[in-house]
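Notes follow the structure.
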Amino acid sequence: MLRLGVNIDHVATIRNARGSSYPEPVRAAELALAAGADGITAHLREDRRHISDADIALLTDLCLKRGKPLNFEMAVTDEMVGIALQARPHAACLVPERREEVTTEGGLDVVKGFDKIAAATARLRTAGARVSLFIEADPAQIQASADAGAQVVELHTGAYCDAAREGHADRAAAILERLKTGAELAASLGLEVHAGHGIDYATVKPIAAIPQIAELNIGHFLIGEAIFVGLPQAMQRMRVLMDAARLEVAA
């Protein structure tokens with residue numbers, strides 16, 4: 001079954017907007033797991049704009065108690081590798097990070113940063129973390145990810161979702177085809193394939209229909225929708241669409 005990882009970063013965004021102690025990301029994570037999330041994703045950014053070090057400690061403890069994986073998103077820096085080695089999350093997803101960006105704007109350039117990424121990957125794997133690289137569906141990046149020692153690639157779906165939402169059908173179709181080809185290549189290299197960024201109800205099914213994808217990581221949309229309908233209900237509808245896409249492919 002296609003897995004759903006729930007990113008709870010933007011619960012922390014709401015909390016930090018008032019400099020308060022609530023809403024608590026760990027409470028959102030607990031609700032998500034109770035509602036059937038297959039794992040929790042959290043991004044500890046260098047500027048700590050949403051998730052904090054304390055959140056990571058609480059989320060690590062929660063996921064261990066619930067027997068579910070924590071996917072720790074992190075920049076490729078010595079500081080973040082050190083934090084990950086101490087927290088020992090189930091998975092570490094290396095992502096690009098620029099302080100001036102509002103959200104992650106694209107995939108990690110594994111080709112350009114190969115030596116640094118390979119070294120971080122080796123350190124994390126030695127500590128028992130399952131290492132994922134967040135990349136574009138580009139053949140060179142996928143091959144470099146395998147060469148760097150990653151076990152997983154997470155394909156960046158943001159460009160597809162933006163094109164589809166904006167009504168650029170031809171562009172969306174071309175990007176979707178690249179995602180399909182990239183997923184096939186990654187799987188052929190022995191990499192587990194995940195996907196994420198920008199996914200909502202309108203865009204999830206074409207992505208979920210790609211058979212090589214094992215997991216979708218969705219956050220901003222689910223947290224936004226939860227304001228209106230509640231997190232379990234938002235997740236349930238997403239899960240229905242994901243499962244329907246897989247059933248349609250099987251049929």
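Glycine is no exception: its Cβ is also placed from the backbone N, Cα and C atoms.
Shown in sequence order, V6, N7, I8, D9, H10, T41, G196 are the residues of the chain, 6+ apart in sequence, with a C-beta less than 8 angstroms from the C-beta of G219 (3-amino-2-oxopropyl phosphate binding site). Under the three-state DSSP scheme, G219 (3-amino-2-oxopropyl phosphate binding site) falls in the coil class. Under the heading 3-amino-2-oxopropyl phosphate binding site, Swiss-Prot lists N7, R18, G198, G219, H220.
Sequence annotations record features per position, and here Swiss-Prot assigns 1-deoxy-D-xylulose 5-phosphate binding site to D9, H10, R45, H50, T103 based on sequence analysis. Under the DSSP three-state reduction, H10 (1-deoxy-D-xylulose 5-phosphate binding site) is assigned to helix.
Annotated active site, proton acceptor per Swiss-Prot: H43 (among others), in sequence order, evidence recorded as sequence analysis. Secondary structure at H43 (active site, proton acceptor), taken from DSSP and collapsed to helix, strand or coil, is strand.
Among the features that Swiss-Prot reports, active site, proton acceptor is placed at E73 (among others), with the record citing sequence analysis. Cβ-based neighbour count (10 Å, all protein chains) for E73 (active site, proton acceptor) stands at 27.
The number of other Cβ atoms within 10 Å of the Cβ belonging to E154 (site 'Transition state stabilizer'), over all protein chains shown, comes to 32. Swiss-Prot lists E154 with the feature site 'Transition state stabilizer'.
Residues or ranges marked as active site, proton donor in Swiss-Prot: H197. Its Cβ placed at the centre, H197 (active site, proton donor) has 25 other Cβ atoms within 10 Å.
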If you draw a 10 Å sphere around the Cβ of G198 (3-amino-2-oxopropyl phosphate binding site), how many other Cβ atoms fall inside it, taking every protein chain shown into account? 21
Closest by Cα to G198 (3-amino-2-oxopropyl phosphate binding site), out of the recorded positions H43, R45, H50, E73, E154, is E154
